[in-house]
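Participant: The domain 'Neurotransmitter-gated ion-channel ligand-binding' feature in TrEMBL is assigned to 1-164. The transmembrane segment annotation in TrEMBL covers 165-186, 198-218, 230-252, 350-367. The domain 'Neurotransmitter-gated ion-channel transmembrane' annotation in TrEMBL covers 172-364.
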Amino acid sequence: DFTMTLYLRHYWRDERLSFPSTTNKSMTFDGRLVKKIWVPDVFFVHSKRSFTHDTTTDNIMLRVFPDGHVLYSMRITVTAMCNMDFSRFPLDSQTCSLELESYAYTDEDLMLYWKNGNESLKTDEKISLSQFLIQKFHTTSRLAFYSSTGWYNRLYINFTLRRHIFVFLLQTYFPATLMVMLSWVSFWIDRRAVPARVSLGITTVLTMSTIITGVNASMPRVSYIKAVDIYLWVSFVFVFLSVLEYAAVNYLTTVQERKERKLRERFPCTCGISHSKTMMLDGNYSESDANSLAGYTRNQVVPEEEKQEKMVVHLAMSNESNSSRKRGLKGHVGLRIIQNTHAIDKYSRLIFPGTYIFFNLIYWSVFS
């Protein structure tokens, strides 16, 4: 609904009120004379509450001209219903109307019309609303039919409201976008850092749930989806998918390590060396760190299909002592350097931001 305070001015001619005068252009009276003459019985259609101001006295003025023309003015505050469509909220524009109609007189008894068309509406240029920008006012008129009483003239005051978007950008869209971008940080964290990635994913999911709950708590209960709902729920899906992405990465990593363990158990002496050891090193080891192991030579120890997801470096270390060289015995240490980034993480770094940017382009082009 909306509430409007206005000066409602009626103009008509009643020859019974005409008077001869050579000095007075008009005569002005207060509300006491209104009860003694005929006035139009105009009321506000679809109004919820309305009243005439009476401080310090009734805000009613009656001005009578010598030829019988009458000006009847009153100051009224009315709260009326407005059928709003929130499907594009908060990027929406609403058109509301205040409707005036005679209560008792049909169009055969009383004709209502705007005196000067759209010029009949005079508004204060300083009017400003916290949520809306008033774009335009215009007037219309038409006939309204009631099956039990007949046809009536109805006048309309139409005005268009454009909602201010900045406050919603600041309180809803910007935080939601930041949460989605924060969930992408997980793709750059080591896949073996389970506490870090899980806690980041859960935090962003809960934050998005809080944002959605807060927005819906202040919105009207409607049975259709609003534009802000589409944006928030798509953002929530992106955050939720980032959590599922790590679940997939963690599961595939576990399966991969299980297969490698079985291969090592099945082929313990693949390299033909009597004594070998396997060490797990972080992928952050540089080439210089590996070369610092004196006497190492690199031999490939894994099948060709195992190269896709990891880098395997097999180093053979010989004994530096002369006695060991004479015996021809060689110690052997296998170093497996596993990359800290899964292939799914690499693809996600591009797919998630690209898809979200594409969604924003479509969203703002459709609703803005």
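From the backbone N, Cα and C atoms, a Cβ is placed for every residue, glycine too.
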Participant: Can you give the mean pLDDT for the domain 'Neurotransmitter-gated ion-channel ligand-binding' (1-164), rounded to a whole number?
Facilitator: 91
Participant: Hey, which of 165-186, 230-252, 350-367 has the most Cβ-Cβ pairs under 8 Å against the transmembrane segment (198-218)?
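Facilitator: Maximum Cβ contact count belongs to 230-252.
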Participant: Cβ under 8 Å to the transmembrane segment (350-367), counting only same-chain residues 6 or more beyond its ends: which ones?
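Facilitator: Sequence-distant neighbours of the transmembrane segment (350-367): 88, 91, 180, 184, 187, 227, 230-231, 234, 238, 241-242.
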Participant: By a Cβ-Cβ criterion of under 8 Å, what residues six or more beyond either terminus of the transmembrane segment (230-252) are in contact with it?
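Facilitator: Residues packing against the transmembrane segment (230-252) from afar: 172-173, 176-177, 179-180, 183-184, 186-187, 191, 194, 197-198, 201-202, 204-205, 208-209, 211-212, 215, 342, 344-345, 348, 352, 355-356, 359, 363.
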